[in-house]
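In what follows, a structure is listed as structure tokens, so that the remarks can point back to it.
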Amino acid sequence: MINRDNKKAITKKGMISNRLNKFSIRKYTVGTASILVGTTLIFGLGNQEAKAAENTSTENAKQDEASASDNKEVVSETENNSTQKNDLTNPIKKETNTDSHQEAKEAPTTSSTQQQQNNATTSTETKPQNIEKENVKPSTDKTATEDTSVILEEKKAPNNTNNDVTTKPSTSEIQTTPTTPQESTNIENSQPQPTPSKVDNQVTDAINPKEPVNVSKEELKNNPEKLKELVRNDSNTDRSTKPVATAPTSVAPKRVNAKIRFAVAQPAAVASNNVNDLITVTKQMITEGIKDDGVIQAHDGEHIIYTSDFKIDNAVKAGDTMTVKYDKHTIPSDITDDFTPVDITDPSGEVIAKGTFDLNTKTITYKFTDYVDRYENVNAKLELNSYIDKKEVPNETNLNLTFATADKETSKNVKVEYQKPIVKDESNIQSIFSHLDTTKHEVEQTIYVNPLKLNAKNTNVTIKSGGVADNGDYYTGDGSTIIDSNTEIKVYKVASGQQLPQSNKIYDYSQYEDVTNSVTINKNYGTNMANINFGDIDSAYIVKVVSKYTPGAEDDLAVQQGVRMTTTNKYNYSSYAGYTNTILSTTDSGGGDGTVKPEEKLYKIGDYVWEDVDKDGVQGTDSKEKPMANVLVTLTYPDGTTKSVRTDANGHYEFGGLKDGETYTVKFETPAGYLPTKENGTTDGEKDSNGSSVTVKINGKDDMSLDTGFYKEPKYNLGDYVWEDTNKDGIQDANEPGIKDVKVTLKDSTGKVIGTTTTDASGKYKFTDLDNGNYTVEFETPAGYTPTVKNTTAEDKDSNGLTTTGVIKDADNWTLDSGFYKTPKYSLGDYVWYDSNKDGKQDSTEKGIKDVTVTLQNEKGEVIGTTKTDENGKYRFDNLDSGKYKVIFEKPAGLTQTGTNTTEDDKDADGGEVDVTITDHDDFTLDNGYFEEDTSDSDSDSDSDSDSDSDSDSDSDSDSDSDSDSDSDSDSDSDSDSDSDSDSDSDSDSDSDSDSDSDSDSDSDSDSDSDSDSDSDSDSDSDSDSDSDSDSDSDSDSDSDSDSDSDSDSDSDSDSDSDSDSDSDSDSDSDSDSDSDSDSDSDSDSDSDAGKHTPVKPMSATKDHHNKAKALPETGSENNGSNNATLFGGLFAALGSLLLFGRRKKQNK
């Protein structure tokens, strides 16, 4: 930091940690213009980085008339190009851009007004008074003559005074070339020139004020010249003898404190391994360097600060790497090409990691040193400064900035703003330092001339070493450049359709027209001055100036260069607009007289860790006490960063590089199996124990008294007994034995299993080598046992249950017992019987059913047993525990489940599946009953005639109706008819009558029909079929229908001697087949309708629609007269046909 009052710089001597030179380019504006600060850059030690800032200042200069008798003083501004500065190891470089414009007017000077034109800063205007015109385009008017031998008038102005300058137009001819600096050109000076209130663009390279300059005593002894440089005043000493104006302290360059910690490339001796996954970011943020308002003033040198706190895992080894990523719109340096990061170090200066920067990816790759092998639990901090990359951001815009440490990202939204030109009438200009080459000692300035493309008359641009205020006044500021015939000046014209980037930085000049040879350039316009005569212009131009500078001691920089645009306004007066750029690089020192600050002394702390066998907290009181190796000791610095070491074989540890007056914390990790001993056991600080954590402040000396002691933690036992509690009272009785092989589990207070064992032959168990604390003991219930009641008596005689808590407090615990008793077994079962009366109750006369399968399932549905009933219908399952079960009875073939739950539980039927719960008792109430369905016998004979029909029976399967046996009687009637058929056959049919007798059998005779039916006695019904015949009647209708067909044949039935056919009709009904019957008419009944009945089957399908027909008279003699039988048969057949056809028609519909 520059001492602004004495203009002297001092250096600090000693170790420098993570210091970077910073170069700021700034433009200061006092009045209407804003302060524009360029870039603050921080690089590795010895590397100089520039920070560009644009500063514009507007000043209202008051000028009063002065008498012609005023002394005329010609001042030539000279620059000491080899200024001497204090020896600064790490200079801070600041660049300041100052713009000014002023119009000279006649004698009575009015206060200049500030105007804004096209969103630009305006300056004051005064009438010209004997001031020489600079390179104005030739005119016929004598007042517009040009004087190329300009002699600058720079006056030192006292603070708080207004300076008035009176000038008169010169009537003499202007020389075409400048004379020596001492020549006068009619410049009258009535008062000191006003001190500009505007400050140049200044770039400040800020370094931590506490960091000393890296100059050793030996270096000073061996190099006296360096010592002389350190105590020698800056070139300000020379300047103090010159009548030049100095910038007021109010416009001095701003200093931006921007720390950055990064490092130089690591030698590739160790294999690289990216360990981003082992880096834990604990805190990171992005902040703005000047004002936290969401706006980055890029030309103000406002930097972006990225801070990151992170932990380095102990698994990280030397040679491993991590990455830090910049946002792609930012860059570490704004005006230099040196992007070398500095080391990441701890507060004592030890290097943790070194880094390299990749410009293409905007990424730093850090490689860890053996620091991570020597220390543990390393916490690090990273603070990076960056600036808007004008190549990526040529114009104002909104950005979302994203930075990342070890791929962990953080973001911030900002708006980027750039400077505006300084404007006075048609004069409008702006400039920046766009590049700094610290090797060649060159600086590049980019100037926008007439960026607003106004109609500017008699345009001249002057480039000057030193400062130019916004109003065009010249002043000596904070630095200088060398402008001579070797200075590179290029001029480019901007086409009407081209737009200048707002960043004021050109990366490709080839896109613009090179008009250098079309303008008049005078590089010797004055001492360290050049002038460009543009004439009348209405286009924008770019001027590129590359000038030399003289570095100070230790490469300090004080580079300042201003520009002024002069035009003739509509009143034929000159209007001025000025702009200044400055780079300052100085060391952060506290000011002073230039003497060397004593080297900062660093201190150490540490000492000893021992095993305190006698636990008294004092070292050496027991011969068995010894040092403890490998104990982890952690040092916490004032900024919160940490590092850890382990004690050596002698129990010793040490931390060095500590600063006086700062406070540190030391923590000792308690080794496994030990406890901290008593603290401060004696008044002797060298012999006591300081405990697990101690805070110490360095007071000008080392502190090697930070000791601590530990003693071995005693171990204890836990356990006792598992026994069979035969009387189930929960108390251990003398005659009750222990239970062997019971599993016991021990858990710590967090629930973690720390041991498992089993009881011995006596039921005893134990766990050993336990520390004080709370434990949980869990007993596993042995097979065939049940836990007894718990907590019934004294702790050492009761049962603690299946789970209990045991506490160890400086003693064994032998009270954790558990008791069990043998679990009783139970039985389940009972009886399956034949419920002959179907009432669902077990009667004394009803017998059991043998060989019924019974299955037992547990609560999960798993089969745990299967058995069959014995000859008495009894069954049972034994050896069952209390619980839920399901009993499943398999229904015997041919039997039907009887009604359930009709009476008392031990006498009723429980159904095919029964859920049962056993609770401490047997259950013999699980019974079930079945009965057999009624079946008709087959007198199969009876019909056997009608057997022929029987087929029809098969129709008659609907016989199953037959159950309505009784109907079947009516069938029998039909039989009787059929008998009549049987007539043809044989009276034996009439037997069938006897069938009819059997009718009671429900004629299952008709069974006889379809014996196939036979099972279906209901078949027998087939008579009932015959019912169904009665159905059949209706069927028979249908039959008869069918008959009817056949009947028409059937008539031939009549042939068929036997009505039986017609009867058989009833069979025949059994189906329209009967057609065929009729065919078969051949009475032989043999139509035994069996034939007919084949077709009958479809009819049987519809038979149940007619099973309500009237029954035929039960059997009778055939003496109704066979003579009439034929006639009636025919009639019935015809009627049946009609009905059948009608019915079919209906069905078809």
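Each residue, glycine too, has its Cβ placed from N, Cα and C.
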Field: Feature motif 'LPXTG sorting signal' in Swiss-Prot, mapped to one of the ranges 337-341, 417-421, 1112-1116
entry: 1112-1116
Task: With a Cβ cut-off under 8 Å, give me the same-chain residues at least six positions beyond the ends of the region 'Disordered' (675-697) that come close to it.
output: 605, 612, 615-620, 661-668, 703, 705-713
Query: Quick one: mean pLDDT on the domain 'CNA-B 2' (715-824)?
result: 92
Query: Where DSSP helix means H, G or I and strand means E or B, what are the helix, strand and coil counts for the domain 'CNA-B 1' (602-714)?
result: 0 helix, 52 strand, 61 coil
